Every structure is written in structure tokens, then in C-alpha cells.
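Now, the feature entries from TrEMBL:
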- 12-33: transmembrane segment (TRANSMEM)
- 39-59: transmembrane segment (TRANSMEM)
- 79-102: transmembrane segment (TRANSMEM)
- 148-168: transmembrane segment (TRANSMEM)
- 174-195: transmembrane segment (TRANSMEM)
- 216-234: transmembrane segment (TRANSMEM)
- 240-261: transmembrane segment (TRANSMEM)
- 301-323: transmembrane segment (TRANSMEM)
- 335-353: transmembrane segment (TRANSMEM)
- 365-388: transmembrane segment (TRANSMEM)
- 394-413: transmembrane segment (TRANSMEM)
- 420-442: transmembrane segment (TRANSMEM)
Amino acid sequence: MKELGKWQIISFASRSMAMLLGLVQTFVIIRVLSVGEWGVIQLAISIGGALGIYQHLGLASASTREISSAEDDKEVFKIFITSAVIRYAITIPIAIGLFFAARYVAVDIYKNEILVLPIKIYALTLIFQGVQSILNSVISGTKRFKQLFLYQIAIAAASVVIFIPLVLTYRVNGYFYAFFMFNALSSVVLSYIAFKPLRGSMKWPSNADFRRLFKEIFSISMAIYLVKIIYTNWEKFGSNALGLFNSPEVVAIFAFALLYAKKLMSISDAVTDVNLPVLSEKYVKDFADFKKLFTRNFDKIFISVIAAAAFASYWAPEIVSLVVGGDKYDKSYTLIPPVIFAFILYSFINIVKSSVLIPAKMVKHMIISFVLLLAGTAAFFFASYHALGALPGMAWGMAFGATASFIYINIAISKKLKFSFFNIDHLAILGQAFAISMVSFLPLYIKIPFFVVVFGMLIWAFFIPGYLTKSEVISGVNYAKKFVRALKK
């Protein structure tokens, strides 16, 4: 538990630093561009992302699972080559098709010629993106977490340096010039990190090796591939659906709320980087310890996500106004609480997927839960569009879909694996956090003292079921003091 927790904390710290740099980059760009220009960028990314997801084939998670149990470095390299060949058999046709269909998609479907060049650049960028997740699998699967986390910080800093000057100079097109350059750089750096320790072990797989590895990797990767497609379309559903019958400004308002809420994923993403290789091995070797380790670890992750989400929701108007400047995106304020709630639940879904569903190969239940995620969102939106309006309908639709998916996962794990990780205590704390998010529009002179009260009650709620203990707080404070002293030296 301590070793797993240590790497999760380090992973979260590195992702937090990367996220901070990403926020600086994003909000500088938002300040520079008009709402309409930002909407065009988000629409182009949504179009490209909805197609680009089809290249993944679930290979990253499946490869990580196989690499974590590989016998030697030669086997690791063979797994990489097998996965890369499969990946590019899909990526190259998609990139070519999107490149040559750019004008048709931009002009004939979305009636916006400005989208042509961004879509073409996105298509070319897919070539570089194709290999990145597999290279990442090599690094995480061999448990070289330190190198991976340092890379995350460094590449985030490089992103700021690349994006801001190009956007300032070329605006919308500059964003996509930077997008291409950033992904090219990422692929080169990841290749160096992944392959440096494998020098002398880079042996091309034989036909027999390829067939064997293909079968092993694909035993679960197609299910992961399908749910990745569903998730991406769930995430892009708001922008894509709203963009069909609303202005780019409306798309931008929703995309901004989504962008703000999605930052919560940095916590669950940091956890999955470590959990997938560690818990996949634990599930096979000691199931009883696996259940204990996951349940205790989930409680710690749960309170971390809840605390971050409650803070982000409560102070959303002030944070957005400060970093964006003025009231350019004030229409997104009412959308942020339900969208954050959706991403709270999706963070838990993401953690359970990598920690339980993939190690246990619960393929059918994983697929059903993600179908509910997208179908529930779409059904709620179309049912409530006229009553609530387009933007609120979409925001609450995402929350509804995430709720349906998470409930199903809990039921499936309880029935098949005979253990439960989410109970009435979790539900009470979740409800408390959501209530906090709904009072974010109080006047500032009331919000400041009220913050002390409501967050004090929330933290106290963490102690009641034992999700947080006094000894853990003391240990954390002592660790922070040691860290500060080390920095001073």
C-alpha cells in the first residue's frame, strides 16, 4: 500500500505541475483569441478527436498489462513492435482519409471553411500521436515511473513555449501549427526514454512471436478500444451535437465548462499510470490482497477527487474571472457544477476500469457501463433540450450518463467479484460536495467565511468513516516539512 501510494502521490504531483503549466497555456490562449476563434479550435479538435480515437485499438492498456509481466527486455521490444504494427495499420488510413476529406467535412457538413487547414494539420499529427501511447506503455509497463513523471513535466513546459508564440502570431492556424510541432517533439522524446534501456535487446519478432503476441494483446484490447471510442465520443458529444445547430460561441461556452471540469481527470489519470501495471500483477497472484489493496486505495483517491472538485466548483466564478479576464465566459458558470459532477463520477469509473475491470477481464461489463455513459447522456439531452435549453440540457445530460454508468459498475463488481468498494459513506460525502458546488454564486463577502465552515465540515466527513486519519495527516505534514527543508538546501 505504501509503495503504491508513494508512486501515486509522485504521479499526481508531476501531473499537477503539468496541469498548472497547461492551465497557464490555455488561459493565455483564451485571453488572446475571441470566443468564436476558440469555438473553431474546439470544433476542429472534436472532429479530429472523434476520428483519431479509432487508431488506438486499446493497445496502450493491453500492452502495459503484457509488458508488466514480460520475462525480459527482448520480449518487451517484441510487444512494442507488434503493437506498433497493428496501430499504424489503422492510423495511416485514418490520417489519409481525414486529410483528403477535410474540405468536405469543413464546408459541406459544418459550413465553415476556416476549419479546412486545422483538420488537415490534425490529420498529419495523427501519424505522430499513433506511437506515443505505446511508447508510454513501454515506460510504465517496465515500472520506470520516475522517468515517465519527469517527462510529463518537461513536455508540458515545452508545450507552453511552443503554443503561445504561434497562437499570438497566427491565431487559429497557429494553434494547429503548434499542435503538430508539440506531438512530433513528444514522439521523439518518448522514443529516447523508452528505448535507451533496451539497447542490445531490440530483436524483431518472428512470425510466430507476432501471432502469439497478437493473440495475447487482443484478448482484452478490443474491449478497451471500444470503450475508449465511446468515452471520446461522450466527451466530444457536447461540442459536436451543439455545433450542428448552434453558433461557435455556444460551442465555446460549453467547451470551456468541459475544459474546466476535465482538469479533475489529472487525479485519476495519475492513479491509472501506476495502478494498471501494479494491480494487474496483484490480481493474478493474490486476489484477497488485491481486493484489500484496491478498496483502501480507492478511499484515499475518493477523498482527493472530492476535495479538489468541491474547491473547483465553489470558487469557479472567481477562478474563471481571474484567469480569463472579465466576463467573457460567465455563461459557463451554471454549467460547471453538473459537468464537474459528471467528471467526478467518470474519474471513479476510470480508476475502477484500470484497477479492476481490466485486470479481471470483465470485458462485457466494461462495455455495457460505457454504453450507458454515452447513451444516458444523449437520451437526457434530447429529452430535456426544449425544457432546459441546449447548454443546461447537455451539462446535466453528462451528469446523468456518468451516474448510470457508475451505478452499473458497482453492481457488476459486487455480483461477479463478491466485494464492494462504494458504500453509503461515499454517497453521503459525494452529496455533501455537490451541495457545496451549488452555492458558488453567493456574494464574495459571504463566500469567504462560509468556505471555512463548509470545507471544515467536508474534511471532518472524511475522518468519520476512516478515509482519512489523524496519523496520516501528521505523517503528511512531516513529509511536507522534510520536502521544504530539502528544497532550501
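In case you wondered, yes, glycine gets a Cβ from its N, Cα and C as well.
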Most Cβ pairs under 8 Å with the transmembrane segment (12-33), selected from 79-102, 148-168, 420-442: 148-168
Distal contacts, the transmembrane segment (216-234) - CB-CB under 8 A, six or more residues away: 49-50, 53-54, 56-63, 65-66, 79, 82-83, 86, 240, 346, 353, 358, 361, 363, 366-367, 369-371, 373-374, 377, 398, 401
Contact between the transmembrane segment (301-323) and the transmembrane segment (420-442) (at least 3 Cβ pairs under 8 Å, separation 6+): yes
Maximum Cβ pairs under 8 Å to the transmembrane segment (174-195) - stretch from the list 39-59, 240-261, 365-388, 420-442: 39-59
CB contact flag for the transmembrane segment (335-353) and the transmembrane segment (420-442), at least three pairs under 8 A: yes
Whether the transmembrane segment (394-413) meets the transmembrane segment (39-59): three or more C-beta pairs under 8 angstroms: no
